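What follows is a short report on a single structure.
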């Protein structure tokens, strides 16, 4: 009977909508048919919030007073801003999903009333597909624009096309009839800066002038990029993927996906790539696509008013970003699923695929590279791989894992030093120094002078009769007659050996500069530099295996497959496998990475080498640390992110992590019918907690529910203004029935309507492994710890992050010995047989008095409120 009464009075609905009310900005005061919405100035951080002691909330006057209402009065007009979140706070996933289901039920119930309601219902149903379509269109168009502009500005460092200033080097010479096969990149229309300034095309003077102009343009582009980022959009720097992962997990970072960030990131990404820094545009393209998805989501109320639904659009947008970055729509969907998304329902999978398809179609229509492909380094191989090649492929995987482990540690150490020293206070100077060092060292080496994407293209490309690169300077066998696509293995010429030495120097240069470049205050991706390092190493290994097979074809490992005059080894395939291995070692991606590289080549037969190399790189990298570079940067920046892929293998219990600890202030609780208005106001003014458990009585201590600080403050202020007889000595009642009071007592204040009747609770013996899984899968902000219904403490998301950090730092574990006293709740009566005296705050002692306390506080997120 009681449950039916609660249901009819609305308590079940109110309680269910406030299951995780820690971050709620909208609560319903629902009693006797009366509903009140309140707006506050701060988000609820529960017991770990940063609300100042004594903070009071002001209620906006939204309606008139109704004297017939004996609880709280009705507000006729909804308060603007209800349901929103403050910056750097976590959304309430359960509440957002409940809001969406309520909205969906409301629309379905009205769609048969009129044609207009049916139209609104259809618009709501199709709004998801419309927003991902617009996101895909914008992502593809912006990616094409960025590719074209970056190619033109990269070539601007070397010269200019006099016939058409908007042409890059390759386009400038397309229509020329004066080019030769050996010097296809030279034409009268293209002028180097030395030719324009001093009138010399060859000689030392020409080389020095081109060198100076190369450095000048590189520094100019870098300075302009960092200046725009610093002045207009500080969030436009970096890759953006760590923040995207954090946002998709439910964290709010206002402005990170805004229109200014989109505009500045698009412009500065072109400048950063053109400056020649060791970075790529593929990672930032995911950020650009997510900005598009966020902006378009505001056109549809279904997504603009619901943060959980908006994250479904962002998941689809990240798939579109990878789709245009690598020309891999399927790989983009898997990347969103494997790497960045926190909540990925089936319908999001379909919409992600559609967004990736639309983005790839738009980019293909633009054709920014003039090769009818979505990426510059698309390749096709026609030679199969052989079983003995698995050994060098696995070696490349080992190299990729070692490179990933080294890069993560070195880059995180440098970024931490940047944060802790004065050098981090001068981001413009840092970018200029890195750009200057990069330009000075890169120009003399033709492989580092190249745009990184063009370098990868040259390393991936197999040598054929139309290739003029020094990597293809083999000594030809005039007696061999083979078809064009099946040139036999040949001895390497002087150009190949010279290229190998240059590639070795380029490898060292890329490894060092990438460590210092990733994380500076310009848009900087990590995909392309990592792939370039792997491609260089793979090409060197491929040439070595090729020459080994040519000169020792009678060895037993080559004898069965590599005959004299046969095309046995493909060095470009080794470059591709090495690129995948190094990228996998840094990001710890597996399935999505293999599919992305597979879509680059279009050949199913190379999946096994790719899988072997990627898995080997992941295993080797995990041996040094299980974090990828993005997770490492999330932890470095202190974002509240619980990685779903991280396993919790420790034996601690909920009682070992909950607050309060031994030396902490006692847990502040409310009783359901024994406190006055003054008692509650004093507790609110004397504490900074944003929520209070409600217990039956000081003696019983059994949990009744959970009340938010904000709701208590607003309810009391509203009652004082709108209800007669509410004074400081009025009894506050959270129970269903008001207790009998003397006739001369002031009128009681009923606040059961603001009480969360079903807060998430765990027992003190619940393993932390289960608690962490609950927080991850439900997106909780807090849960209460009880023993036989008696509240012992509370666990917040911040407590879990601190606990995980303690375990990572090898702090002595907090788990007690298994033989310690199991009675962890405070006794109801003291040693003298009398009830323990308590006033407002109930002193809880969750551990045995004889247990040693070994906890060391680790303040992980001292600057970020959860």
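Heads up, the Cβ atoms here are built off N, Cα and C, so glycines get one too.
Range 284-301 is the one annotated as transmembrane segment, of 194-211, 284-301, 338-355, 356-373 (source: TrEMBL). As annotated in TrEMBL, transmembrane segment covers the listed stretch 214-236 rather than the other ranges in 168-190, 214-236, 467-489, 605-627.
Looking at 214-236, 256-277, 386-408, 573-598, the range that has the most CB pairs within less than 8 A of the transmembrane segment (313-337) turns out to be 573-598. The transmembrane segment (573-598) and the transmembrane segment (386-408) are in contact, since at least 3 Cβ pairs between them lie under 8 Å (pairs 6 or more apart in sequence). Note: the domain 'CBS' (755-814) comprises 23 helix, 18 strand, 19 coil (DSSP; helix = H, G, I, strand = E, B). Fewer than three CB pairs closer than 8 A are found between the transmembrane segment (214-236) and the transmembrane segment (386-408), and contact between the two stretches is not assigned (pairs 6 or more residues apart).
Each residue in the domain 'CBS' (658-722) gets a DSSP state, and the totals come to 24 helix, 18 strand, 23 coil. Mean predicted confidence for the domain 'CBS' (755-814): the pLDDT average there is 82.
Listed as Cβ neighbours of the transmembrane segment (126-150) (distance under 8 Å, sequence separation of 6 or more from its ends, same chain) are residues 266, 269-270, 273-274, 281, 285, 288-289, 292-293, 296-297, 299-300, 302-303, 312-313, 316-317, 320-321, 323-325, 347, 351-352, 354-363, 365-366, 368-369, 376, 451.
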